[in-house]
Ligand code: NCD
């Protein structure tokens, strides 16, 4: 067993690994794909999407991104795979690499599951993290940055509030890091029990009524019930009134300010239902951008793999 992480494996697993120039280059490339740039493969390239947690947006948009790049997508269903016979994640990846898969996109409930894959002898496969437990969610984060960049033309001085279940949200974790790196001012809100003092290094906690008038972006998060030990006392209506973006609060936002949400939305909980498709909301645009940013991410890791498959 090799103890040190292998840096030679092409992977995009955490926003921590990306510098500002790389983030900007990925957004720029995603814009090109959005405006019609196409790639030509010189040989077949196989991709497999391993989703051990439920997903609608991330899974389908990775698959569409792969197909738009000309990749062949291998069907993988964890329930029907040998994982149910006790095979480890590493051995599953080893198998897929051996049969010719060159890109693995993985979502898993275990925080930093990818360490196990990067510490082993290097797998001849590129790896993208599509969400690890409460850890990170780089593709969501990059599509969020793309959407903010398209809307405001940059990040310097922009005030962005991340609101809700911060402690359990991989979207929040990835976004607070990169927003600060890009020069935005980050604010947090939501139940204090779901706030961790380590977030202080990235931004400032304020009650929602104090920040709603100040910020350019209200980024609302779903309550991560599946990551809570006991949710039996959770009251949706009370949460909405105390911490949610109600219609009354939204009416106090700055004229150009936007609402974002990674989805899935629990309407009437973190966000009033009528706001989901309101003119302020970027929810649909975020999902659209998700395909293009994932195309850029896939291209980048595949080029790192020096496959020769990309023209
Ligand atoms: C997020 C996730 O899975 O972390 N959803 C997504 O990928 N668009 C957010 C969530 O589940 O609340």
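Any Cβ shown, glycine's included, is placed from N, Cα and C.
Annotated in TrEMBL:
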- 57, 58, 107, 137, 140, 263, 264: carbamoyl phosphate binding site (BINDING)
- 85, 170, 222: L-aspartate binding site (BINDING)
- 12-150: domain 'Aspartate/ornithine carbamoyltransferase carbamoyl-P binding' (DOMAIN)
- 157-299: domain 'Aspartate/ornithine carbamoyltransferase Asp/Orn-binding' (DOMAIN)
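Around the Cβ of residue 170 (L-aspartate binding site), the number of neighbouring Cβ atoms within 10 Å comes to 23. Among the binding-site residues listed (58, 85, 107, 170), 58, 170 have a CB atom closer than 6 Å to some atom of ligand 1, in sequence order. Geometry remark: residue 107 (carbamoyl phosphate binding site) versus residue 170 (L-aspartate binding site), CA distance 12 Å. Residue 137 (carbamoyl phosphate binding site) sits 5 Å from residue 170 (L-aspartate binding site), taking the Cα positions as reference. When the Cα atoms are compared, residue 222 (L-aspartate binding site) and residue 264 (carbamoyl phosphate binding site) turn out to be 7 Å apart. Mapped onto DSSP classes, the domain 'Aspartate/ornithine carbamoyltransferase carbamoyl-P binding' (12-150) shows 66 helix, 26 strand, 47 coil.
For residue 57 (carbamoyl phosphate binding site), the same-chain residues 6+ apart in sequence whose C-beta sits under 8 angstroms from its C-beta are 262, 263, 264, 287, 290. A Cα-Cα distance of 13 Å separates residue 170 (L-aspartate binding site) from residue 58 (carbamoyl phosphate binding site).
When the binding-site residues 85, 107, 137, 222 are compared by the number of other C-beta atoms lying within 10 angstroms of their own C-beta, 85 comes out lowest.
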